Amino acid sequence: MTRLTVLALLAGLLASSRAGSSPLLDIVGGRKARPRQFPFLASIQNQGRHFCGGALIHARFVMTAASCFQSQNPGVSTVVLGAYDLRRRERQSRQTFSISSMSENGYDPQQNLNDLMLLQLDREANLTSSVTILPLPLQNATVEAGTRCQVAGWGSQRSGGRLSRFPRFVNVTVTPEDQCRPNNVCTGVLTRRGGICNGDGGTPLVCEGLAHGVASFSLGPCGRGPDFFTRVALFRDWIDGVLNNPGPGPA
């Protein structure tokens, strides 16, 4: 199959996926994570209910997907760090923040492009064994096809199911560039069903210890892929500019 044929097929699938798409929440085919296995994970919540994932990339900033806030009000949303069991308060490890400001860089919801957002927290996170910062790749860095990565988050184990009480994770493989788009990193699971599904937007794709992607959307049935992640390396210079010039905190 030629590159043009693949891109044409992807364009058609993108159009059909947008018609029935919703924010992403589920990790399909995953395993239960251990406590503090992914201490950089953020649970973004509305009135105590998880609706998107994210990653702490600075003591004052969480990286997530811009699409998460297409139908959510940031004024009543909170960011929770250090969470593990969403049904417990976990007072010793959990830190909860309001959103001070939001930054995005040309998000295009029609084409699912530039689906990345930085959330400035109302105060600095207290870094502990349960709350750590996830490093980012350098500007324009690439991740090779065949690289093994991980994606983790709270969510049901099947489409339409209930949210998971604990975070789950799945090992995924980066697909060749001609099966993806230049602005994305795409992944799949080679031997079985697995990956992101409805509602898991914003959770990071971690490859070799770096946040190479932000979960954006998936083509086809949940767990069958390919899954599309915003390519973080294209935004590193912009991200650094935001982190180095934060807005004022709450009065």
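Cβ atoms here come from the backbone N, Cα and C positions, even for glycine.
If you go by Swiss-Prot, C186 shares a disulfide bond with C180, out of C180, C197.
Between C149 and the candidates C207, C222, Swiss-Prot records the disulphide bond with C207. In the three-state DSSP reading, C149 (disulfide bond) counts as strand. Highest Cβ count within 10 Å among the disulfide-bonded residues C180, C222: C222. Proximity of N126 (N-linked glycosylation site) to non-local residues of its own chain (separation of 6 or more, Cβ distance below 8 Å) is seen for Q95, given in sequence order. Residues within less than 8 Å, Cβ to Cβ, of C186 (disulfide bond) and separated from it by at least 6 positions along the same chain comprise V174, T175, Q179, C180, G225, P226, D227, F228, F229. If you compare Cα positions, N140 (N-linked glycosylation site) sits closest to C207 out of the recorded positions C68, C149, N171, C207, C222. For the glycosylation sites N140, N171, the largest tally of other C-beta atoms within 10 A is found at N171.
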